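Visitor: One structure, as structure tokens, below. Some questions next.
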Amino acid sequence: MEKKGYGKDLATSVVGTAGAIGIIIPPSIPMIILGITGSISIGGLFLGGVFPGLLMGLALMVTSGIFARKRNLPAERRATWKERWHAFTDSILALMTMVIIMGGILSGVFTATEASVVAAFYSFLVGRFVYGELKWKDIPGIMLKTGITTGVVVLCIATASSFGWILAAEQIPDKIAKAVFALSDNRLVILFLMNALMLFMGTFLDISPIIIILVPILFPIARQLGVTPIHFGIMTIVNMAIGQCTPPVGISLFVATGIAKAKLGEILGAYSKYLLTMILVLALITVFPQIITFLPQMIMGLK
């Protein structure tokens, strides 16, 4: 992008913010952790993330288009239908992994755990015998990384269960709910306060700790407001996505700046515009929950 004249600030901003959308569009590990922590349907969360993820991507594309017009950036040649077809046929087997996970869970054929096993086995077969990129010597390293990731997730789930039990025993969610409702009983005001808290926590904590700490506290309050589990869950995930883009801990931001060898001050002007776009999308799905709940309600009868 820099070679084509986009500028280091714009190139880093695009990569840094767009990279965070991955946890909103299913399948998503944070959605699974959140679903287990809050006893929310994982299939429902997967469906609920589709439109917000697409909306976030579209909003960032519009922001990029505005920058391109202002800076008079060169336009790329449109791909021909032949090139698109070749790209599709080259990637169809890899894309089937997502179809297996989503289709299996939503149809009731698999649980989330079973879907992950089938998808992993399918990915191994395709990577080893079709694309040929996966070598036998790579298997031990892959298994080690998988074990580490699984250990982290299992530890998060165990911690969340213990933490939730302690909170319930001490009636902490009820006490916090009373304090919150003493400030305001307006649904939107409280939801925006929740967003502000999650965005603040996202500036210095990773996704899993925030889910473990905040979901057992905020979810009961949200339910008292009449907020559906899927709406609350996806709203939380979008907050986590924005948190990945905000300093000082924003992993997407610092990976992008590290690759581009850019300082935060150099990109702050353009980056802040993209960050503001993401926050506007968060506000939109907070005010209009139908963006989230439409697909889960239509396909699974969930809200």
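Just so it is clear, glycine is given a Cβ too, placed from its N, Cα and C backbone atoms.
Remember, TrEMBL labels are computer predictions, not curated facts.
Per TrEMBL, the feature domain 'TRAP C4-dicarboxylate transport system permease DctM subunit' maps to 1-291. If you look up TrEMBL, you'll see 12-36, 42-67, 88-110, 146-168, 188-218, 230-254, 274-295 marked as transmembrane segment.
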Visitor: Can you tell me the mean pLDDT for the domain 'TRAP C4-dicarboxylate transport system permease DctM subunit' (1-291)?
Guide: 86
Visitor: With pairs restricted to those 6 or more apart in sequence, evaluate whether the transmembrane segment (88-110) and the transmembrane segment (42-67) have 3+ C-beta pairs under 8 Å.
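Guide: Contact between the transmembrane segment (42-67) and the transmembrane segment (88-110): present, because at least 3 Cβ pairs are under 8 Å.
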Visitor: Among 42-67, 146-168, 188-218, 274-295, which stretch has the highest count of C-beta pairs below 8 Å with the transmembrane segment (230-254)?
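Guide: Between the stretches 42-67, 146-168, 188-218, 274-295, 188-218 has the largest tally.
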Visitor: With the transmembrane segment (188-218) as the reference, which stretch in 42-67, 146-168, 274-295 has the largest tally of C-beta pairs below 8 Å?
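Guide: Highest pair count goes to 146-168.
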